[in-house]
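Taken verbatim from TrEMBL:
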| type | residues | note |
| --- | --- | --- |
| DOMAIN | 57-161 | domain 'THUMP' |
| BINDING | MET181, LEU182, TYR206, TYR207, ARG263, GLY285, GLN294 | ATP binding site |
Amino acid sequence: MKELILVKYAPEIFLKGLNKGKFERKLRDNIGKKLEGIKAEFIHDSGRYFIRTDEVEESINRIKKVFGVLEVCLVREVEIDFAAIKDEALQKMKEAKGSTFKVVTNRANKKFELNSMEVSREVGAYVLTNLDREINVDVKTPEILLNIEIRNNYAYVWSNNDITKGAAGMPYGTNGSTMLMLSGGIDSPVAGYLMAKRGVELNCVYYHSHPYTSERAKDKVKELAKILSEYTEKITLYIVPFTDIQMEIIDKCREDELTIIMRRFMMRIACNLSEKYGINSVSTGESIGQVASQTMDGLIVSDDCADRPAFRPLIAMDKTDIMEIARKIGTYETSILPYEDCCTIFVPKHPKTNPKLNEIRKEEEKLNINELVEKAIDNIEIVNF
Ligand code: ATP
Ligand code: MG
């Protein structure tokens, strides 16, 4: 019995016209990297990849996390011979649980003697006559969906039980790069995941307020970057010392404007680092209305300090939906560890919810902005995952 892994990729990749080959190759490279250490042979067959390996289970577990992969199916390879195909289909049905079924055929090999409708009908009839248990056809909601694909060299048979859902999205590294502001909270890792899922290369920046935030808070952010890197490739985390900036703001600026001014510094530094390391954009885990600084006015005022697109993939999402993704991607348990972050320590009692750009700009004139930003950047710590 020959089993192969069939990788189906996201339909969006097919829409890329002349660039389709580029996306397919990138996906192939990304899967290859994920399978490092496993002996695997790739077979590219118009619009999908087949992978032959002895380590099937481990390979499927890794491939399903690759962005751009829609489904990973464990399929049986059969000679192009209708009797052999019918037998394999029957064998699959014996193994599958359920009392209703439907056969779906895809015939890429136009030389095959029957068309796809005929194959489905005849295999269905063969199963009905020969299966050793009671079974009915149900074309609308079958418990078992038996797939038959007839290609040029071989045919393949699998059922819905053999399908593992993939991460979907676009191949990582096909859509530019972003600097994710990664805090220890629930939201920003999810924002990073969603950007990476669309093929955007991730880099992370964390603002650390030593000694007001502990080493453990920093370790938590490192752990989150590490979890994210399981979905991406190498991730670089830039750790920026932020205490001096905060102290200076507390010392010179109005109390109710602390948060918003601090956020402007975060934006400036993220953009500055992006410029320095050739990164296209910045991203945050902000969601409209979630906290005082995430009002429309607040976002406008922090965007004022961005010299490149600032993406906020969670902007229109509810907290419960964000939490659901965090659980699914495995960041939730780390995010809820109770270590303080810099924002919770320096929160004003009554933060401004409707800051006015001109007023904030004026307030900031009390600070030596460039010097503060440069000093912070000169003292960054860089960690790779
Ligand atoms: P999160 O759950 O991601 O911490 P939050 O709901 O706590 O978000 P804020 O603290 O207002 O919201 O932060 C909004 C966004 O600003 C975060 O999602 C993150 O992108 C960025 N951010 C906040 N604090 C930091 C930090 N210390 N280092 C890096 N980025 C930060
Ligand atoms: Mg936070």
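Along the chain as shown, residues are numbered 1 onward.
Just so you know, glycine gets a Cβ as well, placed from its N, Cα and C.
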Cβ packing number for MET181 (ATP binding site), 10 Å threshold: 23
DSSP residue counts for the domain 'THUMP' (57-161), split into helix, strand and coil: 38 helix, 32 strand, 35 coil
Predicted model, mean pLDDT over the domain 'THUMP' (57-161): 96
Most distant Cα pair in Å, residues MET181, LEU182, TYR206, TYR207, ARG263, GLY285, GLN294 binding ATP: 19
Cβ neighbours of TYR206 (ATP binding site) where a neighbour is any other Cβ within 10 Å: 28
LEU182 (ATP binding site) - helix vs strand vs coil (DSSP): coil
Neighbourhood of LEU182 (ATP binding site) by C-beta distance under 8 A, where only residues 6 or more apart in the same chain count: SER188, PRO189, GLY192, CYS204, VAL205, TYR206, VAL221, LEU224, ALA225, LEU237
